[in-house]
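Participant: A single structure is presented below for examination.
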Amino acid sequence: MRSSTISASAVVLLSGLASAQTFTDCNPTEKTCPSDPAIGGLQVTDFTAGKSSYWEVEDGTTMSYDGTLGAQFVISTATDAPTIKNIGYIMFGRIETWVRASAGTGIVSSFILESDDLDEIDWEWLGANNAEAENNFFGKGNTTTYDRAQYPAVATPIDTFHNYTIDWTAKSTIWYIDGVAVRTLLYDDKQTVGGKNYPQTPMLVKMGSWIGCASKAAETDSATAGTCSWAGGAVDLTQGPFTMYVKNVTIQDYGCATEYTYGDLTGDYTSIKATGGCSADGSAASPSASSSSAASGSSSSTKSSSGSSTLSTVTGTTSAIAVGTATGTATLSAGEKATAAAISGSTTSSSTIAKVTTTSDANSLKKPKHEYGMIDLGVMVLGLGLGYLVM
């Protein structure tokens with residue numbers, strides 16, 4: 001994500017998105033910080049079914065949900081920066097989402113992975129560019145250069161939903177659009193400075209939209225001119241509202257934990273401690289996926305109409321991050337079941353996300369169902385027989 005020196009008020013305004021490389025509540029490379037709650041398995045969110053308990057709404061954010069278009073991130077005024085964040089972290093993983101970016105010069109739509117020590121992996125879209133998406137990364141908050149971004153072509157990302165995927169492992173990070181790899185970043189790529197700037201610490205998924213250039217004056221202000229140039233110029237709010245849409249998000253945590261802890265101040269992935277075992281409601285997949293499964297949604301153009309219904313409206317308040325009810329159960333929505341089924345059984349790609357059952361949980365995490373074969377049953381019977389003889 002493009003960053004520049006910004007005022008304290010702007011930091012609040014951008015709700016943690018634009019300032020991602022320069023701010024963290026507690027930096028584990030500087031001091032001991034609290035452990036991060038882990039997703040620890042597969043999490044599926046279907047925003048066309050309404051609000052999800054697996055996402056927290058940031059202060060000042062009002063969200064609406066549409067039965068066709070999903071979550072709506074709306075900018076109408078200069079102080080709007082709608083943002084939501086997941087309740088859990090991943091330690092390497094695969095993240096897929098169906099997004100239709102917001103229009104509007106100066107408007108930025110963002111989908112990012114961010115860690116406590118300022119590692120970051122991005123998908124972003126500029127409202128003035130209806131032909132490209134942007135992918136980027138940062139390590140340990142290093143913003144000394146802005147030469148890491150790439151802009152792969154994508155057909156009308158502002159008018160059309162597309163599948164955007166990040167597959168993140170200790171060896172590489174791969175960005176996909178509609179199942180096609182558009183960038184591969186190796187751990188030891190020259191831009192990572194021998195791996196030092198390679199993102200490698202527990203990540204939290206955030207998404208939202210924000211104003212990259214608030215006014216004509218900002219275009220010439222030395223503190224904001226760089227971001228204004230990147231965002232395409234000043235926003236004209238009279239042309240709004242400007243809306244980013246997200247249909248769904250699928251997160252596979254490759255770690256096996258209920259929480260992740262930094263073992264020292266290095267920020268190296270080998271120092272991260274995973275504790276608690278896999279989630280009681282999900283199991284991590286192998287971190288070797290090689291392509292994207294365009295499982296849910298459609299690549300065809302989707303237009304908003306006056307007939308579409310808003311399911312609900314939610315206003316954000318501050319709350320602590322929590323893993324949720326790992327042992328609790330709840331009924332999945334029809335949309336979540338369909339999404340999970342598509343991911344596990346009806347894709348044509350070589351995604352290694354494990355096949356899962358669609359029995360429920362409070363975090364859309366699915367636990368693989370164990371099946372016993374004849375040999376297993378035979379061993380059980382033999383064991384019971386021997387136990388009887390001993391008695």
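Cβ coordinates are placed from backbone N, Cα and C, and glycine is handled just like the others.
Pasting the relevant annotations from Swiss-Prot:
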- Glu120: active site, nucleophile (ACT_SITE)
- Glu124: active site, proton donor (ACT_SITE)
- 29-246: domain 'GH16' (DOMAIN)
- Asn142: N-linked glycosylation site (CARBOHYD)
- Asn163: N-linked glycosylation site (CARBOHYD)
- Asn248: N-linked glycosylation site (CARBOHYD)
- 93-127: region 'Plant cell death-inducing domain' (REGION)
- 1-20: signal peptide (SIGNAL)
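Show me how these features fit into the shown structure, please.
Facilitator: In the three-state DSSP scheme, Glu120 (active site, nucleophile) falls into the strand class.
Neighbour density for Asn142 (N-linked glycosylation site): within 10 A of its CB lie 16 other CB atoms from the protein chains shown. In this structure, Asn142 (N-linked glycosylation site) belongs to neither helix nor strand by DSSP; it is coil.
For the recorded site, Asn163 (N-linked glycosylation site), the DSSP three-state label reads strand. In the structure as shown, the Cβ atom of Asn163 (N-linked glycosylation site) sits within 10 Å of 24 other Cβ atoms.
Around the Cβ of Asn248 (N-linked glycosylation site), 26 further Cβ atoms fall within 10 Å across all displayed protein chains.
Confidence annotation: the region 'Plant cell death-inducing domain' (93-127) carries a mean pLDDT of 98 in the model.
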Participant: Taking a Cβ cut-off under 8 Å, which residues six or more beyond the ends of the region 'Plant cell death-inducing domain' (93-127) line up next to it in the same chain?
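Facilitator: That would be 1, 17-18, 20-22, 24-29, 33, 36, 39, 69-70, 73, 75, 133-141, 157-168, 173, 175, 199-214, 228, 230-236, 239-240, 242-255, 262, 267, 285, 287, 289, 292-293, 295-297, 302, 351, 353.
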Participant: Of Glu120, Asn142, Asn163, which is closest to Asn248 (N-linked glycosylation site) if I measure between C-alpha atoms? They're all recorded positions.
Facilitator: Asn163
Participant: Count the Cβ atoms, other than its own, that fall within 10 Å of the Cβ of Glu124 (active site, proton donor), considering every protein chain shown.
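Facilitator: Excluding its own Cβ, the number within 10 Å is 22.
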Participant: Asn163 (N-linked glycosylation site): which of the recorded positions Glu120, Glu124, Asn142 is the nearest Cα neighbour?
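Facilitator: Comparing Cα positions, the closest of these recorded positions turns out to be Glu124.
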Participant: Where Asn142 (N-linked glycosylation site) and Glu120 (active site, nucleophile) are concerned, what is their Cα separation in Å, rounded?
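Facilitator: Glu120 (active site, nucleophile) has its Cα 10 Å from the Cα of Asn142 (N-linked glycosylation site).
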